[in-house]
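What follows is a short report on a single structure.
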Amino acid sequence: MKIKRLELSGFKSFVDRTVVNFDHAIMGIVGPNGCGKSNIVDAIRWCMGEQSAKHLRGKSMEDVIFNGSESRTPADFAEVTLTFENDDPTDVPIEYKDYAEIAVTRRLHRTGDSEYLINKTPVRLKDITDLFLGTGVGTKAYSIVEQGKIGLIVSAKPEDRRLLIEEAAGITKFKSRKKQAERKMELTQQNLLRVGDIVAEIERNLGSLKRQAAKAERYLSYRNELEDLQLHDAAHKFLELRGWIMMERSEVERLSQYAEEARTGLAVRETELEAARLEAHAAEERLEQANTASFAADNDMRAQEAAIERAKDRIEALRRREQQAESELAEIREQAASLTRERETVEAEVTILEDSESGEANVVASQEERLAELAAEHQSADRNVVELRQVMGRAQTEIASSEAKLEGFERRRQDLVGREEKLSYEREQREGNVLELRARAEQLALAIEDLRTGKVTTAEERAQLEERLVELRQAISDSEHALEEAKAEASKKRSRLHALTEMHARREGIGAGAKALVDTKHTTIVGLFADRVEAPADLTAALAGLLGSHLEDVVVDDVASGVELLADLAAGRKGRATIVPRHPRHVAGRLSALRSGDGVVGLLVDTLRFAPQDEALVRAVVGDAIVVEDVATAIRVRNEIEAPIVTRDGTVFHVDGRVSGGTGEEAAAHMLDVAREMRELGLEVQRLEALVAERLAHHQTLRTQIGETQGALERAQQQAHQSELALVHAEKDRSAADSEADSHAKRLEELLAELEDVRLAITEAEVERASTQEVLDKARVEFDTVSGHIAQAEMSATEWRDQVQSQQNLVMERKVALAGAREKLTAARSTIQRLVRGEAELGEREKRLDTELCEGARDFGETAATLVRHKEQLADAQVAVQIAQGGLIEAKTVFDAFRTSLQEREVAIRDLRARADESKQSLGQHEMALRERDLAMGHLIEGVREKFRGLELPRVVSDYHMRPPPDGESRTRITELSGLIDRMGSVNLDAMREHEEAEKRYAFYSEQKNDLDKALADLERAIQQMNRESKKLFEDTYHQVNARFQAIFPKMFRGGRAELRLTNPEDMLETGIEIIAQPPGKKLSSIELMSGGEKALTAVSLIFAIFQIKPSPFCVLDEVDAPLDEANVGRYCEMIREMTDKSQFILITHIKKTMQLVDMLHGVTMGEPGVSRLVSVKVSEALAKPAIKHGAPPSVAVA
């Protein structure tokens, strides 16, 4: 995946579309500081997916868009396209393997919108990142080294430095996949928890839904009956409202017609009034015009008076200015004569100074010729010294190089010996590690067996808890059902009691007179007699038969007040009633002897229940009536007892021989039955409420037990999960121990091979040392020979330099004298120019004053004539004022007459409008009544529409208008049904459907839970596999890179040693990497104490070591050679040239030697401020072409 082409448009300083072709092995990018070279590197990083604006040398991502210059407007977007050669399809995702080229495009708009494309197809940022994973290419890989950042590779944290080895090992794609798998696993665990909660919730709801379905059936029955009754009531209300609306609408139409006639008459009067207003307005305008004319005439008169005063002031000012100008003219003529005399004197001095300046210039020219001759001799002597020093420098370099090589050979021999000892020690350590890891694997196997046993025990406990939970849920379901039944029964009894209480409160079934008396709520009224007494159920008919309508007697405390109430009752024709005193004067005496048995029950009064304060009342009303079983018994004993006799079924035998029987007293009996049933229902409601409270407490107890059991089950599940995780970790550790033992065994084999290589390297180093010693001896002989010639050449050069310095001093003195003469001559000429300008200025001022005197005389004459004219106009204005005031008085008289007529018409219109408003008010009242009826009708129709799901009331009126109007019974039933529905509370009408869906959901989510468990296990196995592969790849690559680094470092430094070390060898997945380096001739110390050049060279050595193990398709080095000296730059270039067969290099540099290395130079210029352009030169062709003239650049092609 080598770079073939880079296209930029609107990116930073590359505002115009620019194409950079990378079609050579080594390409250089050069140019002055600030021209935009590094913007090319930023464009490559940005196009490959860089998301940090800081890494692109900006504050925000919008900074990459061209921001404008003095002559250019800002760009709307930035776009970069990076085209790669797809020379190895195995390195790219399968969907791109058939493409010969892969073009990656990134585009950013100022609006913040961003686009990514591969081969012009829109993709995600992740797709671009995946394209480069594992290739050594990427925004954070070792393929791009930024400007000034080469030293950071050495000074970075060990954990950050690890990323270089990971990229070389191709682990980044595994780490990316591992992160995705971990995210999926976390998401799967969350989904598993949610699915478990859903399954548990569905289990809890199944029983409840079944009961809700039964409740829904009862609800629908009640609702249908209630809706029928409510529609019946609404239909009759609709018919009643429609009649009222028709009446009101007829009245509104009549009043509207009257109001329209009133409005027409009012409009005629208002039209007449408007005409009168127009006439009055015209008169008012004439009055205003007369007033304006009078005011204008007065203003004109005042203006003429003011103009006369201004003319007098102007004449006086012209006289003063004439005197001032004559005085100033005399002063100017005197100054002009003085300036002329001074100019003539300075012109004579200038002639003398010009002759002096010419002589000094000739002397300076002669001395400069002599100085040039001496300088030529001095340069010749210096060149001779330089040549001799170059020869001596080469000899010194050869000596230093040979000595460094000899020292390096010695250190290398010592390093190799130390390496041999270290490898032997490492072999012994790894043999021990293998034995230790094997033992650890056996211990983990035993722990795995224990964990599996505990897993089985935990599963049994979970099963027991789940069984207990099922039992408790069944119990709470039964309890909830029993609680609902008790609540329903209590609600039913309470509703019946409520209905009876309301019916009793309305006094239904009693006479109108008695009801009217009780409704007065007079203080003397105690109540009905039926309310003061209670009969057993089997004697209700007997009491009703005996008393009959007397049960409706009204009990009073004061008979006199009761009689008055009866009189009011008669006067109001409200019916008839009977009153009875609560404390009667006569109470029936008890029978002295009463034989019981043989069908005789006893005294009726003794079977009744009543309040102690009502005893006299009850005995007076009931008397000594005897209760017998049947009519036969009554006939048999009636001659023996002188008291009324009543049978159980209500037949009465009176003392006077009358017998009452049959039917007709059902209303009286009903009153007694209702009262008794109300008392019984009250007791029953109390009992049922106590039962509901008891069952509710039991229900809460079951809920508590379920919560405790669920908590225990969750803890058991959590324990099982922890045990499962512990088992997975133990198996993972056992697998890791086995894998690590295998790795140590493999490393032992590698160590034996390395020991052989080290011994062979020691022999080769001895041979190279002997050869270098011979070169050193020759260089020392040459150095001694040249040293004697240099001293003699330096002495000659010093003598010539002294003569040049003396001649330079003499030339400088003559030039100073010449400059002084020229300065005086220049000052004199400037003085002459100044005096000439002064004379000219005074002449101009004299001319201006003469002109000003002439113009003043002319202005004086004109102003005097104007004064005479204004006095004549003042007399005419005084006459015009008198005429205007006469017209104003006449116009005001006419206007007053019109205004009086207008006021009379307005009074007549107000009277007419008042009568129209009265009719309008009446119309408004009827319209309001009509709107209220319409609103009531609308509310009625809308209420039916909302309550009955869009039903239109007018369409169903025909279904109910033939039925009788609603009566009290139907309204009572509506109330009863509404109460039943309200007491049912919320009803789930979709309960049956929801119950069926819940069962389906339960089956579905149970299957989902099993799938998630399986997916979680698969992900865990995949992560373990990726960890094993990543660990193996990292370890292998680390050892290979370390070996190459140890070989390259001495080559780059011409000696010394360096190596990589792991900060935590036990954890190959997280360990950092330390760099241990010792440049030649220095002690081993911290890398932080190394110089900038040493750090850069160490980092370059590490980068090149990685490239030899895992070459990246291309490498961008941005001024990496800047900290290096000339010798190190040469070795840097040699290493790059060696690696061009596998990688493409793009170098940004200022170093000439590096420029000579490249095949193609791309020059970045900024001819237009803020805008970069590209100039490309093929180095081989440029060197082959002869230059046109000295210093001319080679021919270039502009991109």
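In case you wondered, yes, glycine gets a Cβ from its N, Cα and C as well.
Keep in mind that TrEMBL annotations are predicted by a computer and have not been checked by a curator.
Remember, it's a predicted structure, so these values are computed and weren't measured experimentally.
Residues annotated as ATP binding site in TrEMBL: PRO32, ASN33, GLY34, CYS35, GLY36, LYS37, SER38, ASN39. GLY36 (ATP binding site) falls within neither a helix nor a strand when secondary structure is assigned with DSSP, and so counts as coil. Close to GLY36 (ATP binding site) in the fold, though at least 6 residues off in sequence, lie LYS12, SER13, PHE14, VAL1164, MET1166, SER1172, each with a CB less than 8 Å from its CB.
For 171-219 (among others), the entry in TrEMBL reads coiled coil.
Under the heading coiled coil, TrEMBL lists 266-412 (among others).
The average pLDDT computed over the coiled coil (448-503) stands at 77. As annotated by TrEMBL, coiled coil applies to 448-503 (among others).
Look at TrEMBL and you will find 523-638 tagged as domain 'SMC hinge'. Note on the domain 'SMC hinge' (523-638): DSSP counts are 55 helix, 22 strand, 39 coil.
Positions annotated as coiled coil by TrEMBL: 671-782 (among others).
Sequence annotations record features per position, and here TrEMBL assigns coiled coil to 988-1036 (among others).
By number of Cβ pairs under 8 Å, the coiled coil (448-503) is matched best by 671-782 from the list 171-219, 266-412, 671-782, 988-1036. Long-range Cβ neighbours of LYS37 (ATP binding site) (same chain, at least 6 residues apart, Cβ-Cβ under 8 Å): ILE29, VAL30, GLY31, ASP1118, ILE1148, VAL1164. For the binding-site residues ASN33, ASN39, the greatest number of Cβ atoms within 10 Å around a candidate Cβ is found at ASN39. The Cβ of PRO32 (ATP binding site) lies under 8 Å from the Cβ of MET1166, each of these being in the same chain and 6 or more residues away along the sequence. Annotated ATP site PRO32, ASN33, GLY34, CYS35, GLY36, LYS37, SER38, ASN39; additional same-chain residues within 8 Å of its Cβ mean position, judged by their own Cβ, are SER13, GLY31, VAL1164, MET1166, SER1172. Just so you know, the Cβ of SER38 (ATP binding site) picks up 20 other Cβ atoms within 10 Å once every protein chain is counted. Per-site Cβ counts within 10 Å over the binding-site residues GLY34, CYS35 peak at CYS35.
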